[in-house]
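This report concerns only the one structure given below.
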């Protein structure tokens, strides 16, 4: 069973299905990562400093016994480290037990106060997240580029960047981002944003590809109809839809049976979904089902369409 591969704009390759680790509890993620790599056939692990479990992800990689050279590892620099990207990377490398990353991303296009009241989520006295509004994202990107030159990361990219935010880094970029990791699924397909990414040679990646916990996507009547037609599970259809579109899918699970079926089911779906199925899934959001699940309370306009959460307001003094 071979995992499909997508070529990046720098000529390197990325496995089109990876194990997501967001919201995986540290105690569970060791076994999940080891199982995914050793038993289930995964070659790609997606992690982040901000997930607070990288040390355990690293332990899972070690326990798998799979050689480092056979694993594609992604991590992300968190907002409080935008002025000290290499320091963040060094923490991540130490936690993961490796001396390089295959892919390093800017986690959100938001710089947070590095000297605030919390290492990850500093807040102001009025309750809002403590954003450094004067920081330029292009300065974060320059530091990312320097890490490629140093050989500490093979590819660099972005996450949660709208067109508006990409245009803050692209004019001065020497390296075009390899990927943009976004919330992508048939309820939030972001067709225009993906067209822009592709016009720049940026590969889209999908986090939360099945929606969120208790996701309505898995019970969607169109998804279930297509699944039944091809003897697939709903999750297979959702993940296959992404990979057919050359989007890297990053399903998260800590349950061995789900970890295994997310890979085998996706590969099965790629071979079964037909043009009509894809067109029907492509049109779900426009037909009235548009829904974005992940909208943290950033006090910043990120420039996304269909970001329906209200802008957080300061608490009264």
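Counting begins at 1 with the first residue displayed.
Even glycines carry a Cβ here, placed using N, Cα and C.
Those TrEMBL annotations? Automatic predictions, nothing curated.
Feature list (source: TrEMBL):
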| type | residues | note |
| --- | --- | --- |
| DOMAIN | 17-284 | domain 'NADP-dependent oxidoreductase' |
| ACT_SITE | 51 | active site, proton donor |
| SITE | 76 | site 'Lowers pKa of active site Tyr' |
| BINDING | 107 | substrate binding site |
Measuring CB to CB from residue 107 (substrate binding site), give everything in the same chain under 8 Å that is also at least six residues away in sequence. 48, 49, 50, 76, 77, 78, 79, 159, 160
If you count Cβ atoms within 10 Å of the Cβ of residue 76 (site 'Lowers pKa of active site Tyr'), leaving out that atom itself, what do you get? 25
Considering every residue in the domain 'NADP-dependent oxidoreductase' (17-284), what is the mean pLDDT value? 97
Here the 10 Å Cβ neighbour count for the residue listed as 'active site, proton donor' comes out at 22
